Amino acid sequence: MDTPCGHTYCFHCLSNFLKEQDFCPVDRQQLQLHQCRPSSLLVRNLLDKLTVMCPNYAECQQQMQRGELQPHLHNRCPVFRRLREEAEKRKRPAWNELKGRKGDGESSGDAKHSAALSRNPTRDQPEPGLINPAYEESEEDNTPLRCSLVAEATVVELLREEPEEELGFRIVGGKDTPLGNIVIQEVVRDSLAARDGRLAPGDHILEVNDVSLASVPHACAVAVLRQPSSSPLRLTVMQEKGFKTRDLRSDHQPSSTATQSSHSPHGNTTSSHNPGTVLQVMLMKSQRTEPLGIKLIRKSDESGVFILDLLAGGVAAKDGKLRNNDKVLAINGHDLRHGTPESAAQIIQVSEMRVNFVVMRPAETPEEGGSSREGQQSRAARRAAEQQYFRRHSTYMKDPPGGFSSQEKTVSLKKEPRLSLGITIAGGRDCRSRLPVYITSVQPVGCLHQDGTIKRGDILLSINGVDLTQLTYSEAVSVLKAQTAQSQVVLRVIQTLSEDSEEDNEAANKDELDPVDNPRDDTPLWTRWLGLPSHMHWCRDIVLQKTNNESWGFSIVGGYEESHGQQPFFIKTIVPGTPAHFDGRLKCGDEIVAVNGATTVGMNNSSLIPMLKLQKNKVTLTVVSWPGSLV
């Protein structure tokens with residue numbers, strides 16, 4: 001159980017302690033048991049990795065991870081099966097036994113024993129909101145059983161070349177947000193973290209140089225990670241590795257770790273969702289220094305390494321299995337989902353005679369299969385349409401998360417026509433994240449600095465009645481220049497607020513840290529966007545598809561709770577080897593505003609999770625995505 005003050009205890013230990021005391025055993029803050037909640041998915045995953053023995057160890061000597069204990073008891077343990085059969089016999093006695101009774105039914109002792117056997121032997125139901133819509137075992141004969149998620153706590157050390165060098169990843173979450181934990185949203189290309197190659201989107205950051213980030217606000221976590229240092233930065237992270245599967249025909253053999261892209265014995269699993277097919281290809285060199293004849297590139301709109309061309313006469317071209325535009329996921333076991341062509345080339349160069357590729361091949365529709373001009377034109381038209389309708393103005397009205405809000409500010413100025421406002425801007429609906437136009441700096445030479453109302457990070461609403469909220473960057477610049485030339489300027493902006501912002505800034509100033517300013521990145525902190533009213537959100541429809549009973553591959557937090565009221569639903573975890581992971585568009589921290597066009601406002605977890613599970617082959621998620629804070 002987690003306490004409101006951020007500590008985790010065994011339920012029985014804590015409940016026994018609170019029968020005699022009324023405070024937390026660690027920090028002695030006032031505490032009652034009803035204030036505590038079941039531990040987070042992060043803690044459950046770490047605990048589920050512990051090796052345990054079967055409770056019936058006198059007759060069943062099986063050892064397994066804690067997360068596999070319940071499937072073992074229900075499906076494989078012979079002792080539990082025998083006890084269950086005996087309980088069933090006591091519940092439904094034979095007819096000749098019934099004739100000798102007075103019809104009183106089963107005894108109270110048998111009823112208690114039967115109830116005890118039917119109860120979950122390992123743990124209570126998880127906390128609502130921390131249940132992955134598809135983290136469940138499938139009982140279909142043709143689907144591998146997913147016993148548990150495989151997660152690992154890993155220590156990653158990053159050494160900056162310069163004390164103030166960026167680490168190169170974006171984070172979301174924090175104790176002041178529904179996500180709770182600090183989660184990596186994205187690894188920036190060519191950055192320190194990308195060159196290191198061990199961090200990935202979805203990793204939960206537990207500690208930084210032995211400083212726990214388990215219960216700190218978002219801004220404080222940003223301040224800790226941005227603090228300049230010439231010594232190595234040691235990050236303790238929890239990384240999801242995918243599902244562990246179990247073959248029905250080998251109940252007593254150790255389970256093998258596999259993601260859902262490797263169900264086929266040949267590794268050529270075909271899926272109907274957008275990314276296409278995952279293939280394993282092995283190339284053999286005639287000698288160690290022989291080149292493979294592969295040109296690798298990166299793309300501006302997608303992370304990772306792609307095959308541009310296969311040189312005629314080369315090893316890859318002769319083999320014939322790799323194709324142009326294949327995305328390289330791994331080479332010889334090295335993860336390249338967020339790698340670079342340079343790192344891929346280095347792995348190939350130092351490899352021995354055998355080079356193993358794992359690639360993803362985009363799915364082709366019949367009209368895309370040919371190389372005709374009509375096919376090229378249709379693909380270009382689809383790309384143009386996708387860019388045009390990448391996002392749309394939100395029509396889903398909802399409140400921001402608890403603790404976040406916004407307020408409008410209006411400034412009316414009389415000025416000389418040639419006098420500048422003295423602000424710089426960024427964003428615009430044509431930028432990568434489709435952000436509204438916001439202020440990146442207020443120059444001391446401008447008239448707005450003298451007024452003092454407008455601050456960095458404020459979002460522009462209008463100037464002299466001209467709406468700025470739906471404009472591209474260049475359109476906004478043109479409007480601002482035209483309106484600034486007038487002697488009377490009325491500027492409307494919106495400022496986002498959070499309950500913890502003042503406390504965070506005071507703590508940061510005390511430690512001589514600035515959680516907001518980053519000279520290399522003008523984008524406001526991720527939490528700054530959470531307070532925006534919904535009419536300023538731009539939504540994106542993401543269609544996920546699958547062909548069997550596999551999971552969608554993401555977990556959610558949020559929804560209606562009596563203690564917190566209505567909270568938006570956020571993506572907290574994306575599991576490797578699932579449709580959500582291979583699709584690549586969902587990110588940790590994305591807000592789900594609708595499912596198949598039905599708004600999620602007013603829903604709780606017990607409503608949304610069954611809705612997601614009922615979508616067997618296709619689901620459309622309408623999401624709002626804000627860029628994480630760069631560190």
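Note that Cβ sites are derived from N, Cα and C of the backbone, with glycine treated the same way.
Automated prediction, rather than curation, is the source of TrEMBL annotations.
As recorded in TrEMBL, the features of this protein are as follows:
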- 4-28: domain 'RING-type' (DOMAIN)
- 91-143: region 'Disordered' (REGION)
- 98-113: compositional bias 'Basic and acidic residues' (COMPBIAS)
- 155-227: domain 'PDZ' (DOMAIN)
- 244-275: region 'Disordered' (REGION)
- 253-275: compositional bias 'Polar residues' (COMPBIAS)
- 280-363: domain 'PDZ' (DOMAIN)
- 362-387: region 'Disordered' (REGION)
- 410-495: domain 'PDZ' (DOMAIN)
- 500-520: region 'Disordered' (REGION)
- 507-520: compositional bias 'Basic and acidic residues' (COMPBIAS)
- 541-627: domain 'PDZ' (DOMAIN)
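The domain 'PDZ' (280-363) makes no contact with the domain 'PDZ' (410-495): fewer than 3 of their CB pairs lie within 8 A, with pairs spaced 6 or more apart in sequence. The stretch from 4-28, 410-495, 541-627 with the most CB pairs below 8 A to the domain 'PDZ' (155-227) is 541-627.
When the domain 'PDZ' (541-627) is classified with DSSP, helix, strand and coil residues number 15 helix, 37 strand, 35 coil.
Secondary structure of the domain 'PDZ' (155-227), assigned with DSSP and counted as helix (H, G, I), strand (E, B) and coil, comes to 14 helix, 22 strand, 37 coil.
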